[in-house]
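Below is one structure, written out as structure tokens; comments come after it.
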Amino acid sequence: MDKKRTENQNLCEKRLRVCVATCNRADYSKLAPIMFGIKSHPEEFDLEVVVLGSHLIDDYGNTFRMIEQDDFDIGSKLHTIVRGEDEAAMVESVGLALVKLPDVLQRLRPDILVIHGDRFDALALATAAALMNIRILHVEGGEVSGTIDDSIRHAISKLAHYHACCTRMAEQHLIAMCEDHSRILLAGCPSYDKLLSTHHREDYMDIIKSWLGDKVQEYDYIVALQHPVTTDIQKSIKIYELMLDALLSFNKKTLILFPNIDAGSKEMVRVMRKKGIEQHPNFRAVKHIPFEQFIQLVCRAGCMIGNSSCGVREAGAFGTPVINLGTRQTGRETGENVLHVRDADTQNKIYHALELQFGKRYPCSKIYGDGNAVPRIIKFLRTIDLDEPLQKTFCFPPVKDSISQDIDHILETQSALAVDLGGTNLRVAIVCMRGNIVKKYTQPNPKTYEARMQLLLKMCVDAMRDAVGLNCRILGVGVSTGGRVNPQEGVVLHSTKLIQEWSSVDLRTPISDALHLPVWVDNDGNCAALAERKFGHGKGVENFVTVITGTGIGGGIIHHNELVYGTTFCAAELGHIMVSLEGPECSCGSRGCIEAYASGMALQREAKRLHDEDLLKVEGMEMKLSEPITAGHLINAARLGNSKADAVLNKASTALGVGIVNILHIVNPTLVILSGVLASYYQAPVQRIISERALFSAQSIKVLTSELEEPALLGAASMVLDYATRRIY
């Protein structure tokens, strides 16, 4: 018997005594997976659980019961919350916890105390443990948010001996805070271990209906969770009131959770009750939802709104659209599913955000974890050497800048380098997210490939240098060029006669290698369509066609919000739609193409023919002897009554109109947008021909003239601004 007792004692001495302290429902969702992991290795670890904070308060659902339901033995329950509605109550709660914790920690004598996050209760835990020479493992250190919690989190990190952080940026922040890299584990968020493995439950509709009623459908309800911001309580209460007003107006089923225990929460609850939210048929107000059920509700919500960290963290794993209100999560890393409304100062702004986000789905994000955090943390705990000195050492590495996803920041600073590779000129422009051309550079286009590339790169380097002084952050380079392009490879397959020597030319690689930026390349017709989609008449239109009427005829087709390329990237060669079997010869080698009738070159050819036959000039028309004959002379002569010029233009307009009628009958767009120097002249005749010759169902389709001054540059920029940010604003 004595021998067996001695063996048990030796086993207990070898096991690492780990104490996990949990303060509220939110941190338990992160700590519970770690607790289960520790509990599953009884031969290595001795688990103790301490519960304090809002877990033990009736108003917040007595959430300590869910810990007991998870079959954890709670070693100590500490009532540490001082009731009150101001900042002083939070301070008093920290003081009360500091009074009670020493006895508990002295009794438990843990080797490691595991603490989560940025709450004032956790600060009390870290302070007590540090002063009692107990090693601390801090979970989720290094992250950034916009309240006093930010300072508390970093204070805990400075007291902690070990760190299990969730993201690469958080790891870099800890290093920048002089924490020892060898004691930092990039683990991912522990809650992701559970949510990534359990959110595909078959009974999710039962869970949704149990909280929101039998009539609600998935993706057709909202989850709302807004907490006070303790550094600006009155403003956070105002935002809460505006959010409730917007939700009432939006008229969708809404599951709203009570705010946390921070100062200002009581006033927020009073606002909610004053508006009758608890009795409103569209709302279900609750104090607590078990985490396993809550993730089902978030996963299949039409939208989540508020300022909870769940919105910027867990919701991203499901692609759930999120509206983040106010400053509480400022600086957090977020997926593309999060739309920030930092200055939520009007109900209309929040309502508009709901209109933008509700019902969308986004790609699932794993910024905060891949589902394997707990095994990493358990392995990390095994490596802790209790014989190492307790005193921390510090380092001084560089800090990596964070990237803001605030929409105002994006619109003001993020920009593209746009390149228009024309037959005559080479143009480069800095284009901001709003579509404004901040600065433009123009040079004559050299004749040889080597000279062109050398000049292009020089102009881009000059633009990037100027962008720094203009506060423009260049995201990438977009190139618009004539001819047939493989945009997937960034290769010009066959160019036009206007630009020689561009056949099977890789533009992407040399530009990307020289500038260290991503590069997108596309045909100028497609770029014009992209420009209209982002900045012009095509914004918000799912199906439309852009036709460029310039030196040649080109264009692009947007179908279901995407460009149509075709198998060999020659779709939307609109200028080469044949409208006559015996028409004039086209630059492509065929006959009867739209371009052979209606392009600037075709009109110039006819103008020269009439001029040579002395049939162009009419009374009132001035022509200088040295002046080259252009399409403009033909149009001017027709306006002054020249019947020959008028006949040429009627034939050109008819050819273009018939070609566009063919386009309408093939792809049936909502809208046709004419772009280029001849657009304003062709608009009315083409609209008339559509009304005369198109099928009845297509006769009402509108023809508009583009209002964009630089469609090629704006289209080149839109490739960068849409794809580099992975989002269309």
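Glycine residues also receive a Cβ, built from the backbone N, Cα and C atoms like all the rest.
Record features (TrEMBL):
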ACT_SITE  ASP524  active site
BINDING   ARG484, THR496, ASP524, GLU573, HIS576, GLU595  N-acyl-D-mannosamine binding site
BINDING   HIS576, CYS586, CYS588, CYS593  Zn(2+) binding site
DOMAIN    43-381  domain 'UDP-N-acetylglucosamine 2-epimerase'
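Cβ neighbour count for the residue listed as 'active site' (all protein chains, 10 Å cutoff from its Cβ): 26.
Remark: CYS588 (Zn(2+) binding site) has HIS576, GLU595 as non-local neighbours, by Cβ distance under 8 Å and separation of at least 6 in sequence. Geometry remark: the residue listed as 'active site' versus GLU573 (N-acyl-D-mannosamine binding site), CA distance 11 Å. Sorting the binding-site residues GLU573, GLU595 by the number of other Cβ atoms within 10 Å puts GLU595 first. One way to see the shell of the Zn(2+) site is to take the Cβ centroid of HIS576, CYS586, CYS588, CYS593; the remaining same-chain residues with a Cβ within 8 Å of it are GLU573, GLY575, MET578, SER587, GLY589, SER590, ILE594, GLU595, ALA596. If you take the Cα of GLU573 (N-acyl-D-mannosamine binding site) and the Cα of CYS593 (Zn(2+) binding site), they are about 10 angstrom apart, rounded to a whole number. CYS586 (Zn(2+) binding site) is surrounded by 22 other CB atoms, counting those within 10 A of its CB over all protein chains shown. In sequence order, VAL492, LEU493, HIS494, SER495, ASN523, THR568, PHE569, CYS570 are the residues of the chain that are 6 or more apart from ARG484 (N-acyl-D-mannosamine binding site) and have a CB within less than 8 Å of its CB.
Here the Cβ of HIS576 (N-acyl-D-mannosamine binding site) has 20 other Cβ atoms within 10 Å, regardless of which shown protein chain they belong to. Confidence across the domain 'UDP-N-acetylglucosamine 2-epimerase' (43-381), taken as the mean pLDDT and rounded to a whole number, stands at 90.
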